[in-house]
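Trainee: Below: one structure in structure tokens.
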Amino acid sequence: MRVAVLGAGSWGTALASALAENRCEVTIWARDARITQQIQSEHINTRYLPNAKLPASLRATTDLKTALMDAEVVIYVVPSAAMREVVELSRPLLSGAPILCHAVKGFDPTTGSTMTDLLLEYHPDARDRFCVIAGPSHAEEVVEGLPTTIVAAAYTRATAEAIQDLLMSKVLRVYTNPDVKGAELGGALKNIIALGVGIADGLGFGDNAKAALMTRGLTEIARIGLKLGASVLTFAGLSGVGDLIVTCTSLHSRNYRTGKLLGQGKSLEEALAEVGMAVEGVNATRIAIQLASSHGVEMPIANALSDVLFHGKPPRAAVEDLMGRARVHEIEEVARDQISASWN
Ligand SMILES: NC(=O)c1ccc[n+]([C@@H]2O[C@H](COP(=O)([O-])OP(=O)(O)OC[C@H]3O[C@@H](n4cnc5c(N)ncnc54)[C@H](O)[C@@H]3O)[C@@H](O)[C@H]2O)c1
Ligand SMILES: O=P(O)(O)OC[C@H](O)CO
């Protein structure tokens, strides 16, 4: 199977590596020739995964046309802010009817769209060939061959199973899911909560605060997710609570690390510069509070994050506001048809 992976950051490199290990013919595309040359000739990517040895069969190019030539599967793995540009550049270069997959955990910054809604703008007839790769998967562990589970979510069973078969290995277990929206929202929105947990740790709070943020954060994610058509069981799965746990607890997480630096008193600019890679939670916070407001949904943690990130509120004051909210019930009612999704 010929696969083009567009984006040679941490996750693009790790996914391309896993696919090449699975005997796929993989070409990874990046803009930076230093990175493609390193991957192609030295089988390393020191900027993004300094400790990893990559498969010798993995090819790399800065020429998008070469990467996409005869590709049967195209996987977009750039930060969400770059997705529109890369989808636009790649569209005229696609041949045949490849599966269009993405592994991006964020929203289009201009329109607030999910990544498959963005893809649909450019490929309105290809919905059945869309697939989302989501779930708890830090690139640093995947590239080391440490056991990992992920989700392939697609509108059709055939597409989901094609990606499942492509990625499954002794160390990478892939589950399918028909709930594309839920998988995407879980992946994008958990980044907000990871920023919050990082802030709590940076402030010196304890495990109780961490558990509270993760649990009530998941409630917020499910609440807006249901309004947007996702199924609640997806949020109890790998792309929901699974990814929330890994991102809020792993030192690999760029969102968690950014939050921790904020809690320790760094400015957002300082924290982002120190982390130096894609931190999707910042834009996701902005989009989440817009979505919450337009759908009449309460997202107090996202609002508190927005105050800290964009309005200069000291993190400790934001926590005091959260703790001082009016009393509420814990559990909300969910309609039966919103519990799980299924293919026909
Ligand atoms: N790193 C992980 O462990 C991981 C795991 C799962 C999902 N993701 C998601 O994958 C996406 C990509 O993250 P990452 O970790 O690979 O980021 P990264 O910061 O490690 O790398 C981003 C890459 O995208 C490239 N890029 C940026 N703008 C571009 C543009 N306009 N055109 C072409 N290339 C561009 C950069 O040069 C870089 O190579 C994010 O949405 C992230 O949430 C990451
Ligand atoms: O490093 P983060 O915070 O972008 O998280 C990476 C992945 O989403 C974890 O599954």
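Cβ atoms are placed via backbone N, Cα and C, with glycine included.
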Trainee: Going by the NAD(+) site in TrEMBL, where GLY7, ALA8, GLY9, SER10, TRP11, GLY12, ALA139 are listed, which of the candidates ARG254, ARG257, ARG286 is also part of it?
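Mentor: Of ARG254, ARG257, ARG286, ARG254 joins GLY7, ALA8, GLY9, SER10, TRP11, GLY12, ALA139 in the NAD(+) site that TrEMBL records.
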Trainee: Among LYS65, LYS105, LYS170, which is the one TrEMBL gives for the substrate site where ARG254, ASN255 also bind?
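Mentor: Looking at LYS65, LYS105, LYS170, the one TrEMBL places in the substrate site next to ARG254, ASN255 is LYS105.
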Trainee: With SER10, TRP11, ARG31, TYR48, LYS105, ALA139, ARG254 listed by TrEMBL as binding NADPH, identify the candidate in GLU72, GLU161, GLU280 belonging to that site.
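Mentor: The candidate from GLU72, GLU161, GLU280 that TrEMBL ties to NADPH along with SER10, TRP11, ARG31, TYR48, LYS105, ALA139, ARG254 is GLU280.
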Trainee: Please work out the helix, strand and coil residue numbers for the domain 'Glycerol-3-phosphate dehydrogenase NAD-dependent C-terminal' (179-320) from the DSSP assignment.
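Mentor: Once the DSSP states are binned, the domain 'Glycerol-3-phosphate dehydrogenase NAD-dependent C-terminal' (179-320) shows 111 helix, 0 strand, 31 coil.
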Trainee: Between ARG254 (NAD(+) binding site) and LYS105 (NADPH binding site), what C-alpha distance do you get in Å?
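Mentor: Cα-Cα distance, ARG254 (NAD(+) binding site) to LYS105 (NADPH binding site): 12 Å.
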Trainee: What is the maximum Cα to Cα distance, in Å and rounded to a whole number, among the residues LYS105, GLY135, SER137, LYS190, ASP243, SER253, ARG254, ASN255 annotated as binding sn-glycerol 3-phosphate?
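Mentor: With LYS105, GLY135, SER137, LYS190, ASP243, SER253, ARG254, ASN255 as the binding residues for sn-glycerol 3-phosphate, the largest Cα distance is 16 Å.
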Trainee: Restricting to the domain 'Glycerol-3-phosphate dehydrogenase NAD-dependent C-terminal' (179-320), report the mean pLDDT as a whole number.
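Mentor: That stretch averages a pLDDT of 98.
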Trainee: With respect to ligand 1, which members of the binding-site residues ALA8, SER10, TRP11, SER253 satisfy a Cβ distance under 6 angstroms to one of its atoms?
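Mentor: ALA8, SER10, TRP11, by Cβ distance under 6 Å.
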